[in-house]
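Going by Swiss-Prot, these are the annotated features:
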- 1-22: region 'Disordered' (REGION)
- 1: N-acetylmethionine (MOD_RES)
- 2-39: topological domain 'Cytoplasmic' (TOPO_DOM)
- 2: N-acetylalanine (MOD_RES)
- 3: N6,N6-dimethyllysine (MOD_RES)
- 40-60: transmembrane segment (TRANSMEM)
- 61-74: topological domain 'Extracellular' (TOPO_DOM)
- 75-95: transmembrane segment (TRANSMEM)
- 96-125: topological domain 'Cytoplasmic' (TOPO_DOM)
- 126-146: transmembrane segment (TRANSMEM)
- 147-167: topological domain 'Extracellular' (TOPO_DOM)
- 168-188: transmembrane segment (TRANSMEM)
- 189-201: topological domain 'Cytoplasmic' (TOPO_DOM)
- 202-222: transmembrane segment (TRANSMEM)
- 223-249: topological domain 'Extracellular' (TOPO_DOM)
- 250-270: transmembrane segment (TRANSMEM)
- 271-291: topological domain 'Cytoplasmic' (TOPO_DOM)
- 283: phosphoserine (MOD_RES)
- 286: phosphoserine (MOD_RES)
- 289: phosphoserine (MOD_RES)
């Protein structure tokens with residue numbers, strides 16, 4: 001296979017100083033026989049459980065502190081800023097802790113985006129999503145068990161479309177919010193960037209967590225911020241409210257579209273995967289330097 005080249009404006013093209021990892025096999029049954037897969041699945045389950053436990057407790061605590069009927073005040077509690085920090089901060093911590101074991105997905109949309117980019121296999125994708133959803137259900141279940149008097153009264157942290165917004169607006173918010181998150185994941189874990197700066201792999205959880213924080217600031221007033229189907233599904237299962245289930249499709253369809261769009265944009269536009277494939281025919285070889 002020909003060696004890819006980078007642009008060198010002052011002379012001939014220079015040899016690429018990094019190497020892309022080979023694409024993951026689409027379907028690999030051999031993977032099911034290996035312990036590292038199950039270790040990664042367990043890590044995804046536990047990480048998603050902890051993520052939902054801390055973040056949903058934060059949401060319910062904020063609502064309890066600002067409930068005027070219970071003596072709360074409007075300016076009490078952590079506010080939307082604090083809720084956003086809880087979600088973003090937990091993602092930062094958990095991605096940092098699990099990146100070396102499972103990749104630190106903690107989100108079916110991230111897993112699907114990486115699958116579409118051939119970063120993970122179908123087997124791993126399915127097992128991760130199941131583990132993430134089960135972890136989310138257990139995390140919300142613990143919240144209800146420990147805060148039963150507040151859980152149902154304050155909505156169980158379930159994602160619902162806010163009054164005054166139509167479903168199209170909610171869907172758009174979820175698509176764009178998830179695009180921001182998954183695009184950040186691709187950028188933070190880009191092998192080209194990792195090869196050229198040894199600090200990037202260590203710092204990758206920071207921009208990912210910060211992306212979650214920023215998206216929450218923007219979309220909490222609209223949908224309560226999903227951008228993670230497992231988070232929305234787990235809360236809906238434990239809260240079991242009709243409106244939460246009626247709006248549930250928004251928190252699956254939106255994030256999956258956003259993840260697919262981010263995967264396409266990063267792989268085929270920024271990394272020019274399509275041009276590199278066509279370059280093997282010769283006529284497009286000059287475009288390889290832009291990858």
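Each Cβ is built from the backbone N, Cα and C atoms, and glycine gets one as well.
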Surrounding residues of the transmembrane segment (202-222) on its own chain - C-beta under 8 Å, 6+ positions past either end: 80-81, 83-85, 87-93, 95-96, 99, 104, 161-162, 165, 169-170, 173-174, 177, 180-181, 184-185, 187-189
Rounded mean pLDDT for the residues that make up the topological domain 'Extracellular' (61-74): 74
Contact call for the transmembrane segment (40-60) and the transmembrane segment (168-188): at least 3 Cβ pairs under 8 Å, seq gap 6+: no
